[in-house]
Structure formats: structure tokens, C-alpha cells
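Student: Heads up, here are the entries from TrEMBL:
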type	residues	note
COMPBIAS	76-91	compositional bias 'Pro residues'
DOMAIN	21-70	domain 'Chitin-binding type-3'
REGION	74-100	region 'Disordered'
SIGNAL	1-20	signal peptide
Amino acid sequence: MDITKVAALALSLLSVSIQAAPIYNETQSYQQGSQVEHLGNIYQAKWWAGTEDIPGAPVQHEWQTPWKLLGQVTPPTEPLPEPDPEPPITPEVPTEPLENRVGPEITYSELENLRYYLIDPDTPDDIAYALSQDDTVPMHGRTDYNVAWKYEYAKSDGICSIANAEVKVTTHYVMPKLTLRAAANIDTQTKFNAYYDKLMAHEQNHHGFGVQAAQEIEQLIFAWDPESCQTIGNSINSAAYKVLDKYGEQNRIYDDETNHGYTEGVVIH
């Protein structure tokens, strides 16, 4: 499972509303958080939804559909009040802070996205062969995590300290999914589901390395000592990239030690 790590100095915020959802378009793909109206109901995409993912289509397991039912189309009689903004997540200030120093406010967040590629085996025995046909995902599943951070300074006499910061880890999974034709075979679906669960558990362990990296960078920024305004940005970024390198190496070691999940039961014949 190849791991890609990207550090960026920009964050994006996602907001959704249950009101005024557009009519579902079967020729269109939808991003995570998108809302649509279909057959009198409002649905929201839990992750990326392709043209083959129809809102409300019957599935055996909840993870087999990217759509979440929010409710029926019932316009409110009066405008809904704006929700109160959620306060930022702030770590505890050390019990013995340095003299004349206040710890920065840091907002930390995690986001996971899931995208499928389709396989169409005729029988349970054909699943392994079907999985091997997509050479863009050579190990059947893929996990890429991105750790992003940004910060603002408080400046005094040419010395800068961190006033506030944001750290976010975003993980993108690519996983196999049976076509509707293949899933109609109960034996095929049962065997595939058992393999999928093992594969997903392995991929989520890769996600865990991204989370650890993001949390360590959060702690690093929080504890950073004031320094020259000309050097503090490069100093923090250099230290954060070293954290990413450390957990990237742990990711590679994890795959080597488990043989890409083989020792954890990620096997199909």
C-alpha cells in the first residue's frame, strides 16, 4: 500500500446544510458533504460518490453506500437559526509555563475520504483475479494521508512567538467494491466482505501513522520557543517535515513487517 505524504500550508473547512438540496443527477459525481434530493428524501455524501452510487439503493452493509439519509423534504415554515460556532480545540497550557509566555490556541482536526474502484468477478474463486486487474492499486487498497498546518505570529521587538495555529490530517482511501451484478451472488459477496474487512483494517493502520504525525506536529508548534521573526517559519516547517519523514519510514517498516497485511490476514485465493 503506497503512502504519500504532503505538507501544505493551507486548510479547508467543510460545512453542510440540509436545506435547499439540488435534485440528484445520475450523470454527476459528488464530493464528500454534498447534499441531494432524490425521490422526496435528502441525502448527504459520506465520502466521494460516483455515478454508480445511487441514493437510497438497497445495500447489505452501511459502508457499501456513500449516501446517508438525512430526512424527507419538509421545508421549514420559518428560517432556521444559525448554529453557534464550535469553539476551537485547545490543548492544555503547561502547568508551569515559561515566564511571560502564553501557549498558542491550536485547532486540530481529522478527515477521512473513501473512493472505490469496481471489480466484477463471476464467482467467489474469481475475486483474487478481479482484484489484480487494476494496476493503479497493485496491493488492492491504498491509503494516502496529507498533514497540513498553518500558524500566526505575535511579534515583539523582532521576536516572534506562535499566537494560534491549525493542524489537519486528511486521509484518502482507495478500496475495491463489487459491481451490483457480482454482489448478487451471495457466496461472492460473503467472501469479498471478509477480505474487505481485513484490508480496511490494515489501511486504517496506515491512517494511524498520519494521525500520529499530525498530533506530534501539533505538540511541536504548541511548545515552540519564541525566536527571530526571520527564522521561526523555516525552523518550524523544517522540524515538521522531519516528523513526517519519521512516520513515513514507520509506515514503510509496517508494510515490510506485515508483508503488506499478509500476516494480518489480508489474503484471498
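Any Cβ shown, glycine's included, is placed from N, Cα and C.
In terms of burial and nearby residues, how do these features look in this structure?
Tutor: Confidence in the domain 'Chitin-binding type-3' (21-70), given as mean pLDDT, stands at 77.
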Student: Provide the three-state DSSP residue tally for the domain 'Chitin-binding type-3' (21-70): helix first, then strand, then coil.
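Tutor: For that range the per-state counts are 3 helix, 16 strand, 31 coil.
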